[in-house]
Amino acid sequence: MIVLIAYVAMTSLPPLGETLAAAVLPSDMGNLLLPTLTIVGGAVGGYYTGAQRLVDIGLQGKQNVDSIKTAAWAGISIAVVIRILLFLAVFGVIASGAVLDASNPAADAFRQGAGEVGYFIFGLVLFVASITSVVGNSYMAISLIKTLFPVVARNEKAWCCGFIIVTSVGTVMMNMPILLLMLAGLVNSIILPVVLAFVLAATRRKDIVGDYKHPVYLSVIGAMIVVVMAAASLSNVNGFIAKFIG
């Protein structure tokens, strides 16, 4: 996926100087808030799934900290590289003055950036990303539900398959990929501060973390992030409704 996206990014290479400058000092923070929260929210789901998978296979405890860090850094690094390349690919097309098809802007960006080859690459990348997302999200949802309902735990595979079928059929019938993508990112961005708040609370419970002492300054920074993200996410709900629902 990285190689394919990099090909499109290099084909439609944007002005790198302006891109780097805007990345450090963006000129319109107000309009960037919703996209930023949506991107962060859309990316975080994989980290939930990865952490749950590590717990399920028994990779936990102090003795496995190094392995957990390696897995986390690998996931974060790959996700960051892919997002940067996707941004460069799409921005390169927009910077050239092209007007994207509003009904499917991402696919049209790849088509205009690298022709039919780029369009094929987009389809392939989207297919791979979709399959991994469906499997990961279904696994995560059932992993959470099974802790509340024993019947789900006893028939985990069947419930997971059923979840995939129901959600896939629902998505196809709705036929609103852009709205669903943005909505998923927005919902995840709202969940983020809630999860972080629970994690910070858990670091103060000995029955959970044992003898581990979480640094006070990290707790303070985390609490500040919770407040800022919660306020930003809630303030963006109205903007999302106005833009996509009316």
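If you go along the chain as it appears here, the first residue is 1 and each next one adds 1.
The backbone N, Cα and C atoms fix where each Cβ goes, and this holds for glycine too.
Annotated transmembrane segment per TrEMBL: 31-50 (among others), in sequence order.
As annotated by TrEMBL, transmembrane segment applies to 71-99 (among others).
Within the same chain, residues 1, 4-5, 7-8, 45-46, 48-49, 52-53, 56, 106-107, 110-111, 152, 156, 159-160, 163-164, 167-168 sit at least 6 positions outside the transmembrane segment (119-145) and bring their C-beta atoms closer than 8 Å to a C-beta of that stretch. Here TrEMBL flags 119-145 (among others) as transmembrane segment.
Panel annotation: around the transmembrane segment (157-174), residues 134-135, 137-139, 141-142, 145-146, 180 of the same chain, lying at least six beyond its termini, place a Cβ under 8 Å from a Cβ of the stretch. What TrEMBL lists as transmembrane segment is 157-174 (among others).
What TrEMBL records for 180-203 (among others) is transmembrane segment.
Sequence annotations record features per position, and here TrEMBL assigns transmembrane segment to 215-234 (among others).
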